[in-house]
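Participant: Sharing the record's features from TrEMBL:
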BINDING   C137, C140, C194, C197  Zn(2+) 1 binding site
BINDING   C154, C157, C180, C183  Zn(2+) 2 binding site
DOMAIN    3-67  domain 'J'
DOMAIN    124-206  domain 'CR-type'
ZN_FING   124-206  zinc finger
Amino acid sequence: MADHYDVLGVQPDASDADIKKAYRRLARELHPDVNPSPDAAERFKDVTHAYDVLSDPEQRRRYDAGPQADSPFGGGGAAGFSDIFDAFFGGGGGGRGSGPRSRAERGQDALLRIDVDLDEVVFGTHKEVEVDTAVLCETCHGSCCAPGTSPRTCDICGGSGHIQRQVRSLLGNVVTSAPCGTCRGYGTVIPNPCPTCQGQGRVRARRSIPVDVPAGVDSGLRLQMPGQGEVGPAGGPSGDLYLEIRVRHHDVFSRDGDDLLATLEVGMTDAILGTTTTIDGLDGPVELEIRPGVQSADVLVLKDRGVTKLRGSGRGDLRVGVQVVTPTKLSHKERQLVEQLAKSHKATKPQLARFQQGMFGKLRDRFFNF
Ligand SMILES: [Zn+2]
Ligand SMILES: [Zn+2]
């Protein structure tokens, strides 16, 4: 006789749950009610016997201990009737006279993308979003019936929602239960459907929802709005609405976590002599001091002028990278002045710089990857 574990297609260390799952899968495939071939009937017997043994802790222990310990008649073919039933009707006896199902079901969740600007991200914003979704039918309020009418008990199943029939099988007569086709398992039929919603209990509508977008959100983040998704069939509870944030590209500022990054172009003479200037931050003007001798890729850090933190408190920093701009057009006079400067100022020859691994490497990369 083949090994019980092989018969079920599981490993010898399989858990009880795995064994049960394997058995249910095979039973659905091989049960004589579904598979009429004699081969399948034979395999079904083997599978059932293997399951008998392995699903009983004591018998499984004896079987594991050695082949002699397992009598081929050990289990007595008692493969839990309820397990076979479960294999077909999804466990818990759910298919068996568990009453009609409700028309009302929870509505689906909805996903919507919303675009926000970077300056809205810095402090958070308030928006109205338009949602095209299912809402409760105003005519029938979810009853699905035309005004003044009501559902009628299904004649075919008598209101149970299920039809039972007896099936002969290897194991004797089995009572199977299936949802009633006339009422689709609801136990009632609707003789006069609501004309507004065609008996759905809900209609599609556009509505506007106010949304508070918190500060510090980033692209890809989803805001959950409980109960703002679509209303379920027959007035069932609403699903949730998810808003996926997309932050629009900004011409000047980019973002690194809670920090804002920007590039400041500084003229050659300002770079040499130093200056002060005012830049337009996302929340107003900011004064910047440029020290004499500032270099390209130097970074000026403005504390707490970045994005408001989504978690925790405070704001990130604004990091401004300097880019020294070399003049390309000089008048004759200017050229003479620069030549004089070159003579008196013995600058080092152009040379290859050593790679600098600093905290601003990232920003430096940004300059050269534009
Ligand atoms: Zn209606
Ligand atoms: Zn019915």
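The backbone N, Cα and C atoms fix where each Cβ goes, and this holds for glycine too.
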Participant: How does the zinc finger (124-206) divide up by DSSP, counting helix, then strand, then coil residues?
Facilitator: 0 helix, 39 strand, 44 coil
Participant: Out of C154, C157, C180, C183, which binding-site residues have CB atoms lying under 6 Å from ligand 1?
Facilitator: none
Participant: What is the total of other Cβ atoms whose distance to the Cβ of C157 (Zn(2+) 2 binding site) is within 10 Å?
Facilitator: 21
Participant: Any of the binding-site residues C137, C154, C183, C194 with a C-beta atom under 6 A from ligand 2? Give them in order, or none.
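Facilitator: The binding-site residues passing the 6 Å Cβ test are C154, C183.
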Participant: Taking Cα atoms as reference points, rank the binding-site residues C137, C140, C194, C197 by distance from C157 (Zn(2+) 2 binding site) and give the first.
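Facilitator: That would be C194, the closest of C137, C140, C194, C197 to C157 (Zn(2+) 2 binding site).
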Participant: When you rank C137, C140, C194 by Cα distance to C154 (Zn(2+) 2 binding site), which of the binding-site residues ends up on top as the closest?
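Facilitator: If we rank C137, C140, C194 by Cα distance to C154 (Zn(2+) 2 binding site), first place goes to C194.
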Participant: Taking the Cα atoms as reference points, how far is C194 (Zn(2+) 1 binding site) from C183 (Zn(2+) 2 binding site) in Å?
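Facilitator: Per the Cα atoms, C194 (Zn(2+) 1 binding site) and C183 (Zn(2+) 2 binding site) stand 17 Å apart.
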Participant: Count up the helix, strand and coil residues in the domain 'J' (3-67) according to DSSP, in that order.
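Facilitator: Helix, strand, coil within the domain 'J' (3-67): 47 helix, 0 strand, 18 coil.
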Participant: In the same chain, which residues outside the set C137, C140, C194, C197 have their CB within 8 A of the centroid of the CB atoms that define the Zn(2+) 1 site?
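Facilitator: So the extra residues in range turn out to be E138, T139, H141, G142, S143, C144, C145, P193, P195, T196, Q198, G199, Q200, G201, R202, V203.
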Participant: Return the residues near C180 (Zn(2+) 2 binding site), defined as same-chain residues 6+ apart in sequence whose C-beta is under 8 angstroms from its C-beta, sorted by sequence, else 'none'.
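Facilitator: Once residues fewer than 6 apart are set aside, C180 (Zn(2+) 2 binding site) is near C154, I156, C157, S160, G161, H162, I163, G187.
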Participant: Taking the Cα atoms as reference points, how far is C140 (Zn(2+) 1 binding site) from C183 (Zn(2+) 2 binding site) in Å?
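Facilitator: Given the Cα positions, C140 (Zn(2+) 1 binding site) is 20 Å from C183 (Zn(2+) 2 binding site).
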Participant: Long-range same-chain neighbours of C197 (Zn(2+) 1 binding site), Cβ under 8 Å, sequence gap at least 6?
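Facilitator: Listed in sequence order: C137, T139, C140, C144, V203.
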Participant: Under a criterion of Cβ-Cβ distance under 8 Å and sequence separation of at least 6, what residues of the same chain contact C183 (Zn(2+) 2 binding site)?
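Facilitator: Looking at Cβ-Cβ distances below 8 Å from C183 (Zn(2+) 2 binding site), excluding near sequence neighbours, one finds P100, C154, I156, C157, G161, V189.
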Participant: Starting from the Cβ centroid of C154, C157, C180, C183, the recorded Zn(2+) 2 site, name every other residue in that chain with its Cβ within 8 Å, sequence order please.
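Facilitator: Counting only non-site residues, the set is P100, D155, I156, G158, G159, S160, G161, H162, I163, G181, T182, R184, G185, Y186, G187, T188, V189.
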